[in-house]
Every structure is written in structure tokens, then in C-alpha cells.
Amino acid sequence: MSIRDWPAAERPREKLLEWGAASLSDAELLAIFLRTGVSGRSAVDLARHLLAQFGGLRPLLEASQALFNQQLGLGPAKFAQLQAVLEMAKRHMAERLRHDSVLESPKAVRDYLKAMLRHEPHEIFGCLFLDSRHRVLGFEALSQGTIDAAMVYPRQVVKRALAYNAAALILCHNHPSGSLEPSAADRKLTKLLQKALEVVDVRVLDHIIVGDGDPLSMAEYGWL
């Protein structure tokens, strides 16, 4: 049965307009993005099938173009649309942060860093640079690879902090495995960067680790 033949209250688009996007299931949200189904499958049925094939919404959103295009009902146009939606979401969160103090909106910071880093297949180390009022000046990914071998040079972090004229910063990196447990190397690097940045009077407010679930704050655990 086509979605058009469903009762209005059960159609994903109508439900979204009436109750908001948060009221929809993953399959219903994906169905709105897909717009149409394929022969023998409505958009919702196709969405359910795709979620089962990929193992959930996150793996689908993080899929490579090659893997994405292998699925019936998907293709280069849909992949491009999806990447545009994801990038707009990142930029929206970045814009929100630029207008607020980090200390007043820690959840927004974590949401932003999660959006920036969670989908990356490799470990990325970056910094969120802040002014004296803890407003965001910018974000930069400074290295790629495991923390042990990522070549995170303190002088590089100091150089970028001075370039932004930052008064403080938040360190961050992701664990592609999904684990949120900081390694011994993570803690060692944090202490090393703290000492290097103290010399130029730049405070390290936190080191956020992005994995499965809510990002972990090393500051909240007393590891800073």
C-alpha cells in the first residue's frame, strides 16, 4: 500500500508537521528523506529495509559512497543530498556555539564535537579555540591517527592557539571503536599540552572524547 493511502495521522510527513520531528521513528525520518519507495515497497518499508541492512541509522549516515550506492533505492544523488544535510547540521551547531558561552552550553559543545568527529573512520585530534569569555573562535582538526602515533606536537597546538588569540581551548578526539575510556596515552598527551599552553597563558578547560553515546569529559572525571 502506498503511503498516500495511509490515514493522514500515520503518514510520516503529516506526523512531523503535527507533532515535531522528535516524535518520528528512525524509519519514518529516513522515509521522509527518501521521499519515494521502490517497486513493491513504500518509502517507510524501504527505510526499514535499509536500516536493517546497515545495522541502524548511524552506520547508514556514516556509510561510504560506494557502500551507499550498492543499495536499491539509493544512488549518487541521494548520497549528495545526505552529505549536504549532515554538513548543514554541523554548521548549524557551530553557529549556535559562536553566539553562546561554552560554559553556558556544555551540551551544545558536546553535540557539536560529536557531529564533527563521531563519523570519522580514523582517530582525529582537534581543538576548539575560545576567547576570554569562552565563546568559540574556531575549531581545527590538527592530526589524524591513533593518539600514540598521531604526531600531536605541543608547539603546533600552541601556534594555532596564538593564531586565534585564544584565552582557552577544549581538546578533543574520537575513538572510532566507540569506547569512551581514555587511554594512558590520552592522559599523557593532555598533561603535556596543559604544560605547554600554560607557558603562553592559555587554559585547557577540558578534553572531550567522542565515541558511542554521550561524549566523555575528562574534566568532569577529574583527569585534567
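Residue 1 is the first one shown; counting continues down the chain.
Placement of Cβ uses the backbone N, Cα and C atoms for every residue, glycine included.
What Swiss-Prot says about this one:
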DOMAIN    102-224  domain 'MPN'
MOTIF     173-186  motif 'JAMM motif'
BINDING   His173, His175, Asp186  Zn(2+) binding site
Statement: Here the 10 Å Cβ neighbour count for His175 (Zn(2+) binding site) comes out at 21
- request: Specify the count of other C-beta atoms within 10 Å of the C-beta of Asp186 (Zn(2+) binding site).
  value: 19
Task: Over the domain 'MPN' (102-224), work out the mean pLDDT and round it to an integer.
output: 87
- prompt: Within 10 Å of the Cβ of His173 (Zn(2+) binding site), how many other Cβ atoms are there?
  reply: 28
